[in-house]
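Engineer: Provided herewith is a single structure, encoded as structure tokens, for subsequent inquiry.
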Amino acid sequence: MAMDNVTAVFQFLLIGISNYPQWRDTFFTLVLIIYLSTLLGNGFMIFLIHFDPNLHTPIYFFLSNLSFLDLCYGTASMPQALVHCFSTHPYLSYPRCLAQTSVSLALATAECLLLAAMAYDRVVAISNPLRYSVVMNGPVCVCLVATSWGTSLVLTAMLILSLRLHFCGANVINHFACEILSLIKLTCSDTSLNEFMILITSIFTLLLPFGFVLLSYIRIAMAIIRIRSLQGRLKAFTTCGSHLTVVTIFYGSAISMYMKTQSKSYPDQDKFISVFYGALTPMLNPLIYSLRKKDVKRAIRKVMLKRT
């Protein structure tokens, strides 16, 4: 933040689930289960991919990065949401709130771009299998991942550094965590530039990658149709369908949050929508993308045999 940002507010009150006290225990239990599943599932995938040389392939390189992103993304907000469930003073200082906003934004943006890179990898693998190892070589994979991370950091820095927020007393955030939209809603400054930048950034990090992913899966579906075996087609469609479902939940919920005017924003609705891309998909990704694969099951058996 610029040094000339003068505010009358130094901490924020995060409402979280406190305006629904009857749901507090249920919410705490669900978030705890989701967070532990996120840690175990993604942490185990990172370990397994590093441990087994047979998983040192392009797709698992992408999946290990996705698992790392999901692990960090879940950790950026869920532990705080758990602590604040039963806290009598669920306050967060302005620097911590801004830091959480920056970290969550960078991780989410990187994941949006990484999912598009993974879709490209699958298209190459299915449409051009003979040249797959040539097209998706090590440097190309590293470049795609580095571009995802680099672009997310640059865009996040642009959005955060462009904030010139003056808070005139209101400090109640109706959310489970600090997000850039939550801060903008509280300010008494003119936020038209910030809203415009968020919209443009969302087009390049949400709408375009999601469109690319959908087109990629259409190409994959056309390739699957040419499979002669009915059982093979059904299995491929089931796999692609589950992948596409999770991707749609992630992109769709984020698009519904960030690509609308603030006048059409409903805080109670928005904070529960954020659970889909901030908590649910980080838990589901290792289950959908990795743990059902034969290579992963084989690697798990290998680990279990070594332990015995």
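One is the number of the first residue shown, and numbering goes on along the chain from there.
Including glycine, each Cβ sits where the backbone N, Cα and C put it.
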Engineer: Would you confirm whether, in Swiss-Prot, LEU48 and LYS297 belong to the same side of the membrane?
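Structural biologist: Result: yes, LEU48 and LYS297 share a side in Swiss-Prot.
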Engineer: Output the single range from 26-46, 100-120, 140-159, 271-291 maximising the number of Cβ pairs under 8 Å to the transmembrane segment (55-75).
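Structural biologist: The stretch with the most close Cβ contacts to the transmembrane segment (55-75) is 26-46.
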Engineer: Under 8 Å between C-beta atoms and at least six residues away from its ends: which parts of the chain pack against the transmembrane segment (271-291)?
Structural biologist: 16, 31, 34-35, 37-38, 41-42, 44-45, 60, 63, 66-67, 70-71, 73-74, 77-78, 104, 108, 174-177, 179, 242-243, 245-246, 249-250, 253-254, 256-257, 297
Engineer: Please figure out which one of 100-120, 197-216, 237-257 racks up the most CB pairs under 8 Å against the transmembrane segment (140-159).
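Structural biologist: Answer is 100-120, with the largest number of Cβ pairs below 8 Å.
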Engineer: Return the average pLDDT for the topological domain 'Cytoplasmic' (217-236) as a whole number.
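Structural biologist: Average per-residue pLDDT within the topological domain 'Cytoplasmic' (217-236): 80.
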Engineer: Taking the Cβ of CYS97 (disulfide bond) as the centre, how many other Cβ atoms fall within a 10 Å radius?
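Structural biologist: Cβ-Cβ neighbours of CYS97 (disulfide bond) within 10 Å number 22.
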Engineer: According to DSSP, which kind of secondary structure is CYS97 (disulfide bond) found in, if we only use helix, strand and coil?
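Structural biologist: Its secondary structure by DSSP: helix.
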